[in-house]
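Annotated features in TrEMBL:
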- 39-286: domain 'G-protein coupled receptors family 1 profile' (DOMAIN)
- 24-46: transmembrane segment (TRANSMEM)
- 58-80: transmembrane segment (TRANSMEM)
- 100-118: transmembrane segment (TRANSMEM)
- 138-162: transmembrane segment (TRANSMEM)
- 201-224: transmembrane segment (TRANSMEM)
- 236-259: transmembrane segment (TRANSMEM)
- 265-288: transmembrane segment (TRANSMEM)
Amino acid sequence: MRNHTLLDEFILLGIPQTEGLEPVLFVIFSFIYFFTLLGNLLIFTAIVSSSTLHTPMYFFLGLLSIFDMLFPSVTCPKMLLYLSGQSRAISYEGCAAQLFFYHFLGSTEGCIYSVMAYDRFVAICHPLRYMLIMKPEVCVSLVTVSFLVGCFLATTLTFFTFQLTYCGPSQVDHFFCDIPAILPLACNDSSLAKRVGSINVGLLALMLLFSVCVSYTHIGIAILRIRSAEGRQKAFSTCSAHLTAILCAYGPVIIIYLQRTPNPLLGAVVQILNNIVSPMLNSLIYSLRNKEVKNSLKKIIQNIMLSV
């Protein structure tokens with residue numbers, strides 16, 4: 001057997017077919033990342049500062065805002081660094097950490113979406129027992145289970161990916177360390193890691209999407225039974241923002257991990273939508289579609305303007 005030199009760093013090649021566009025992409029993604037952090041921070045501040053928003057629904061929404069700040073922060077800062085002309089190298093440990101936190105935050109956020117769908121199901125289908133069912137300890141338990149699921153999935157995927165030997169080449173044909181981009185660089189057989197990644201990520205996404213569909217099927221039936229048009233409109237408005245956010249979140253995941261032959265350009269575009277654009281859209285969706293959040297944001301902005 002010939003000797004191999006184990007890699008201690010990887011080189012991120014970035015977004016395919018964008019050579020020479022680095023300055024333009026740096027400006028665009030810097031603006032999107034800044035707006036994502038600002039928008040979600042304002043939503044979180046509005047929920048914390050307004051006593052009328054201290055309900056289970058807004059507890060989950062505030063938690064979602066935190067995840068929408070953390071999730072793009074796993075990949076975006078490093079991407080902005082090399083788009084600005086800095087080194088494209090990332091250490092072996094940094095690559096493993098990036099992969100772990102990407103899947104931990106992404107899968108936990110997916111679980112939070114399902115929990116939010118269940119919360120809306122209880123609120124619309126069992127309004128009189130809502131506060132009895134969605135007690136604080138129940139909400140905390142649901143969030144804890146979401147964290148444990150995300151941690152288990154991320155640990156499993158990181159272990160099976162980085163228990164392989166990487167001895168060259170070191171070029172990662174992507175803008176961050178993810179399983180489909182890292183596994184082709186392994187020196188030994190990576191078929192098991194590929195199957196584990198596809199089954200775990202795909203199965204979790206489909207299970208969570210199925211749970212959301214079940215909740216919203218019951219919600220849809222309950223809305224149709226509401227006699228007044230105003231009541232139906234109010235019930236629909238509380239769910240439309242959540243449904244839009246779910247479509248933005250689950251669509252890219254299913255496209256990436258269930259395709260048989262990965263396309264680097266398609267994968268990069270879909271990942272950008274999932275990593276950077278979707279968290280920014282969530283802040284717009286929930287602030288523009290939710291009257292309570294909108295009114296609380298107006299008060300915060302007015303207080304800031306008065307203090308200035």
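Every residue gets a Cβ built from N, Cα and C, even glycine.
Within its own chain, the transmembrane segment (58-80) is flanked in space by residues 12, 14, 26, 29-30, 33, 36-37, 40-41, 43-44, 47-48, 90, 98, 101-102, 105-106, 108-109, 112-113, 115-116, 119, 139, 143, 175-176, 245, 275-276, 279, 282-283, 286, 292-293, which lie at least six positions past its ends and keep a Cβ under 8 Å from the stretch. Summarised as a single figure, the pLDDT of the domain 'G-protein coupled receptors family 1 profile' (39-286) averages 85.
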